[in-house]
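According to TrEMBL, the protein carries these features:
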DOMAIN    11-223  domain 'Radical SAM core'
BINDING   C25, C29, C32  [4Fe-4S] cluster binding site
Amino acid sequence: MNAVTPQRTAAPAPVGLLAELTHRCPLRCPYCSNPLELDRRSKELDTATWQRVLTEAAELGVLHVHLSGGEPTARQDIVEITETCAKLGLYSNLITSGVGGALDKLQALYDVGLDHVQLSVQGVDAQNAEKIGGLKNAQPQKMAFAEKVVALGLPLTLNSVIHRGNIHEVEGFIDLAVTMGAKRLEVAHTQYYGWAYVNRAALMPNKAEVDRSIRIVEAARERLKGQLVIDLVVPDYYAKYPKACAGGWGRKLMNVTPQGKVLPCHAAETIPNLEFWYVTEHSLSDIWTNAPAFTAYRGTDWMQEPCRSCDRREKDWGGCRCQALALAGDAAATDPACSLSPLHAKVRALAAEEAAENPPDYVYRTIGSNVRSPLKEEIPL
Ligand code: SF4
Ligand code: FES
């Protein structure tokens, strides 16, 4: 580590906008990244406001729009919103569960210029997948949806969130992606915030399983070069260094919630005393540059040791603020997923302990259940 005085980093233009169009979703995944208190339909932004937000995003320099949720096709105006992206020259990525009305809307989405589809798959075995997603008969709907995506010639990415309930299926996810004709597969080990934090003990795999899954992915990457790209997100609790969460706070991404609150990352609302601005009251450009929630952890000025003098501080930007809060009780602390954090050994031990116990039942994602984390009494570490 070099002792260098950190410099304030200017805000670069955001590359991506995550448009959480709705929190409504037919699935109830126990690792959902949506907040525990989900927005109700009556609070959702209307079509004209989303179109204005997208226009402002394009002006700001955003290149990619991720149409997400919840399930974005639950919005009646998903086709109009997608068409707006196309007209503005924004690359649109539909992040979908492929169930409910998704298939019925796919042709119209293609016709107005949808660029890419990212389909979630909860498991390979239908029974297991439907247990994880909490919805019967979901798997055949997903398969039919994927088939149509590929038939239309749209690039398809499969997203599999990995945890102890499906880590034995990593080979199967790879075979499924090849069979479906996907261009890309995300093997994304669960990140423990949002609903996944509540369900951490039910989801945490053990280290041997994690290592095996990484070996399988590495071998498949070699074997399938030129046919399938596999992105691997390793589980934070077992990593040496954390990832640059959201690409670094306030550096690459804006996340607009269904009711128009703008967040630097999915879970930012878990950090107390952050002031979030709404698209109904401020322009996107003003929010990006000046909103207190965005400036709070942008750059390196806010860092404490060991991040403050670490060579990697502009690579991973100190890891995840939300995880630092959840585990260390301080959002400005070094992410305890980092091996240089004084809390790292405790995090490792906690993961090993939870993975060794019988998994509790899932707490399924639902609107209005007023769920509170059963882990609260264990933190900070
Ligand atoms: Fe360095 Fe902080 Fe990143 Fe750890 S989290 S590698 S201490 S910058
Ligand atoms: Fe908020 Fe990582 S989820 S910074």
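Placed from the backbone N, Cα and C atoms, the Cβ positions cover glycine too.
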Near-site residues: [4Fe-4S] cluster, ref C25, C29, C32, CB cutoff 8 A to centroid: L27, R28, Y31, N34, G70, S97, G133, W195, R365
Cβ-Cβ neighbours of C25 ([4Fe-4S] cluster binding site) (radius 10 Å): 24
Per-region confidence, the domain 'Radical SAM core' (11-223) (mean pLDDT, whole number): 95
Cβ neighbours of C32 ([4Fe-4S] cluster binding site) where a neighbour is any other Cβ within 10 Å: 23
Chain-internal residues near C29 ([4Fe-4S] cluster binding site), provided their CB is under 8 angstroms and they sit 6+ positions away: S120, Q122, I132, G133, G134, V161, W195, Y364, R365
Secondary-structure category, per DSSP, in which C29 ([4Fe-4S] cluster binding site) falls: coil
